[in-house]
């Protein structure tokens, strides 16, 4: 097996080697130049008194780009040595029998420009092909200049235009010694093919020719050109002259305008709008300057627009319209408008229908019972604010036709067919149609209203006509919760009530509008149905029952509840306090002396009076009330009188302290003032009348000031022994306070700052 495989590989290698060698040999053979072939199919043309041009078929020589070509002209009796020497250098002349002209490499055409070649001479011409391997001459070509002569391009020198004709004149550029025949071609600029006029003679002596082109259209553009040949020859025509353009003159319009009318109000009074189509260029025969309108027994009217309006009369009316240009008026066209009383009695067309066929919009109808002179088919786009009408007149035998002009798809056309009688056009029969329908272009989002437990009403707006793109065949309401449901209604229905919905359920709904060609979907709307009566009852009845039960309990337990939540409030008007206060006689002055340790280093006396201020007059009832409150305080809260001092002696000093409060009397809110002896220092205030006493060591008091009284609540803390510093005293439970009044003095001295003082220093503390 391996031996067979090796043999196959060897054979393949040998074959490939042979192929490569063959290709190499072929490449060598191809690269090696060969003798040139003889050229064939030589043709020559003689340009009068100018040059000779020859062309040929090189054959296989075209593959070798190194092939050089030459033209050889063999002399005859007509050759003149002198001109030849002027045309060809002596180096080119190889013999007395011929002249060789080099053409160049890889040529298929060569031109010899020399005046030595003359008309009526005969020449023998051959083409030589030459390369590095050698040269080869073609067969001799016989050239007779009389038959091979080609004239120079003629020139059109003059054009004279008329309404229906053109007169052209041209001349040749050569001084030819023979007669010439020319051919003229012309056409309308918008046409595709030329019209040719042959055998137009040009005499040898005149060297010029003219031709009159008749049967042309007025006010039209034409182009023309000319080509000539030696008379008697059939080939070697001259080149066509440059095209010239000319316009024929204007003529009066050849055709009447296509006249029609529309009415704003068919009855009386109303307005008649005359409309007509602008004449085509071929019918206008010039520039239309305006229109003349003539109504019977009415003055002429002129307008430059293709419409005019006037009030309608009760009688029949005839209107004639003329178009005019600079050459004259067009034929007139007359339109009869029947009287109002007769128009309604003219028979109408019973049936009109439209359909699409071969991408055209067709309309057909049935003839009315009475004879007609013709029909008018009128149409316009029905969705536009201004109906741009188009129309067509047909004879009385035509019962079907298609709409001409630019009929566009997706647009609704209103098509009307008028029967035309001798009295004029009757009442039309109309229909609507589309050349091609499509899906609607726009749809409004529906609205949901009147939502109930199992029902909801869906409303939507009608799609505008210019966005329908076809006839709406139906609307479909699609509503979904977990499942999809739909309901279809006719195109004239704009609301729908959905029934059999689930209570308290969210639905998503959208609308679809459909034509024969497709549909469009609106945006989604979400709504939720109401609760059912059973659901509402299941929620509200227990709540109502609880309220009822609570009301029963309140009625039954009214005394207990009243005692619990609304206890009886004493009536102040029935209190005996008023009589008790009237019978009470307070003490005049109370004094509270605060003593410090037995070492006698310092004394702080705070003298309190019954708050009677020298700067303020108090009524007797106020004084009695204040004294009664102070005197009634139980021990140990009752102030202790000073030792060895008369109470009246301290009244002034007490007033010095209370002067601070007298400025704040009758304040609407309660103020709390706390008086404390220093807790962390042995330096205390020494009043001007301080005395050394024994007994209570430390007293702290709190003074409450209201509008009508001063309550002195004493909290006495007594300690025994003289070694206990004030800093170790028990702190006082503070009350909410606004002011703290502190009296300070140097040990063993008197402080003159307090003599005759009306206020004590104080510090304001935050609430």
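Backbone N, Cα and C define each Cβ position, glycine as well.
TrEMBL lists transmembrane segment at one of the ranges 513-534, 535-556, 557-578, namely 535-556.
Mapped onto DSSP helix, strand and coil, the domain 'Fibronectin type-III' (150-251) counts 0 helix, 51 strand, 51 coil. Helix, strand and coil counts from DSSP across the domain 'Fibronectin type-III' (346-438) read 0 helix, 46 strand, 47 coil.
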